[in-house]
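Here the structure is laid out as structure tokens; the discussion comes afterwards.
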Amino acid sequence: MSKIGVFICHCGENISATVDCERVAQELAKVEGVECAIDYKYMCSDPGQTIIKDAIREHHLDGVVVGACSPRMHEPTFRRACAEAGLNPYLCEIANLREHCSWVHEKGDATTNKAIDLVKMLVEKVKRNKPLESIKVPITKKALVIGGGIAGIQASLDIANAGHQVILVEKDPSIGGHMSQLSETFPTLDCSQCILTPRMVEVAQHPNITLYTYAELESLEGFIGNFTAKIRLKAKSVDYKKCTGCGACMQKCPQKKIPSEFNAGLGTRTAIYVPFPQAVPNKPVIDREHCNYYKRGKCKLCETACPTGAIEWDKEDEILTEQVGAIVVTTGFNVKGTDFFPEYGYGKYKDVITGLQFERLASASGPTFGEIRRPSDGTIPKKIVFIACAGSRDPAKGIPYCSKICCMYTAKHAMLYQHKVHDGESTVFYMDIRAGGKNYEEFVRRAIEEDHVNYVRGRVARVYEKDGKLIVKGVDTLLSGEQVEIEADMVVLATAGVANCGAEVLAQKMHISYDPYHFFAEAHPKLKPVETNTAGIFLAGACQAPKDIPETVGMASGAAVKVAGLFSNNELVREPLIAVVNRMPPPVFSTCVGCFMCQTACPYNAIEREEIKGRDGKVIKTVAKVNPGLCQGCGTCVAFCRSKSIDIQGYSNEQVFAEVMSLLNQ
Amino acid sequence: MNTTNSEFEPKIVAFVCNWCTYAGADLTGTSRLKYATNVKIVRFPCTGRIDFMLLLRAFAQGADGIIVSGCHPNDCHYTSGNFHARRRWITFRGLLDFMGIDVKRIQYSWVSAAEGAKWADVVNSTVANIRELGPYTEYKKVAEYLDKEDYNG
């Protein structure tokens, strides 16, 4: 006969507002095998946990069901409390009365009855729970960081400085990411490259960091502490051991008109190129798509120019296999192009540019060496219009969220423009100004008050060209409600920040979740912002949602601490909710018939063959055996097993069946 | 079958995956979206774990409808469990007619951890559908009969 303790949490009023918690406890007390049923205002609090611990000791409970919030929230809390009172933690189950009941239903009998059913179901389950011991597996103390922007750089440096090996993989020929493209940073207006490039160099020189540029994650297998990552090193066509980075090849390259990705399409580059002068590593790659030799079979001018013979024409992609214990994903974001906006000319007007392109114009290392000049004719624009929320907060465009950084960088752009073009006039069209952050609001006020940027609250309906001018038609919704028409020389769109192209493919490779906009999903929006639902994989930066540099850096350091924390153990404790093949005394040994269907179903190759031998050493039977270090507990094998010989701990056939029966047999 | 019975409260069991739909249903809660109380969730590690015989058992015990929901294709936490479940469902669905179960009584769907609103829709539409179909007793009767006769097939 079981002795189950039932504990119903009011969660302040979160549960008790719609569920009659006292009645739930009273009803549960009547259930067979329930020794005590108690309700309390905050079960997760210290006194609440003490109630559970005292009850375990007093009633000698052999099972606990807590009716509270989602088990994804406090299952570890309550399991730990049980363990402290001497009850095996896996004899504790959580009934989800908040997220799955009180928050989604109106107050009433139906809701209370559902709550009673949910707890009863778990009572039937916990009666069949078995005490389990957690599994210990070794940890590979090496981290993989994917993406070499500021987030990846910061995370790599922090993990490396904690004394662990780091592999940093960057898809482009140089690390640096979007931050290296920026001119000045808000709210201090210090030069972006000046604060970034020393860190880039530090990454390249750090003894604990192995840097692979022009490389991508090919595949990922394994689990926390023991991942196997395959990394594709794309063919650079240049031998970096021989190359000195002198740049003679780039001067000779006849392909000079390729739009430069680093300059957001405003400048040009050659086919053999270093993305920007401060690149790390400062050695070129050949862009085979545009190279004359790869396209037409002849040219090789760079080879003749190279003093060290570093060009490797026949180089192929290499696949590298690395064992790592944790992964930090820092793949960043992108911005929508001007072609996303039919109302602003579908990208056909050269002088309608994105905020990122403006950064390049304002940057001393940019195509105009920091002078604000129109891309169409190179003249200095005397009237400039900035349009905030271009795409963002616009459900009609499929981007209902706020891109967060645009208000601030638009204020910065207008300010930089006023500093560089003294007789210029700048106008910003905005919906709201969102300047939350230290010194951010003051920064925007400075743009308005000291630099006299004209802020107009309202939307721009259309931009069209007339007599060489861009006519910006909008409306001032704050003061006059009247239409505004500005003859501008240049228009800058603060286009929405979006997930990188192919982000979902990367997420699928790593088995992490992503949101409807393809940003990677954190494990908990408030309490686990850097973790993913896949243990051992962490997130940092704008791959999770648009964010500015300080937030990105903070998140990267947060993820790095998680990794360092993980690596501070020699062994990893894992949940024992894994599959087991039954064993019995002779002459049966196991009901497993050795068909090994489970082996074909297992995604982790966790099922091995075991030979059961008699005393004479002869093989009596070959049966399946689960390797507890590899099994992740998905249970696919359980549904496959024809003889019902394999079962999964925590979700056994018996337990699941009992849950369903308790729901229906009433 | 009484299709206009407004008193009828269908019993619906949802077999869901821990990583997508369970978390999605949590999000429905955190977003305070409301749905019918008829659906009760049984948590599984993965839809690949779900033995479809359990669906028959549930019907035999008096369930009026069943929801099976997990991760979208390619999004499985365990690489491929949802593909196994999908294939199993396709085979199983073909047998339902033979077993005398209306396919409309089983809702097979994909709800990710980010789709709280979708979960509320799935629940509400399933409840509405089952309400229209009415109580399901045939399978329970057959099961009882087989139990009584000590049927061992």
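Note that Cβ sites are derived from N, Cα and C of the backbone, with glycine treated the same way.
So that you can see what the record holds, here are the features copied from TrEMBL:
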- A:234-263: domain '4Fe-4S ferredoxin-type' (DOMAIN)
- A:282-316: domain '4Fe-4S ferredoxin-type' (DOMAIN)
- A:584-612: domain '4Fe-4S ferredoxin-type' (DOMAIN)
- A:622-651: domain '4Fe-4S ferredoxin-type' (DOMAIN)
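For the domain '4Fe-4S ferredoxin-type' (A:282-316), the residues of the chain that approach it from at least six positions outside its boundaries are 173-174, 214, 235-240, 242-255, 258, 271-274, judged by C-beta separation under 8 angstroms. On the 0 to 100 pLDDT scale, the domain '4Fe-4S ferredoxin-type' (A:584-612) averages 90 in the predicted structure. Secondary structure of the domain '4Fe-4S ferredoxin-type' (A:622-651) per DSSP, as helix, strand and coil residue counts: 5 helix, 8 strand, 17 coil.
Residues of the domain '4Fe-4S ferredoxin-type' (A:234-263) grouped by DSSP class, helix first, strand second and coil last, total 5 helix, 3 strand, 22 coil. With helix defined as DSSP H, G or I and strand as E or B, the domain '4Fe-4S ferredoxin-type' (A:584-612) counts 5 helix, 6 strand, 18 coil.
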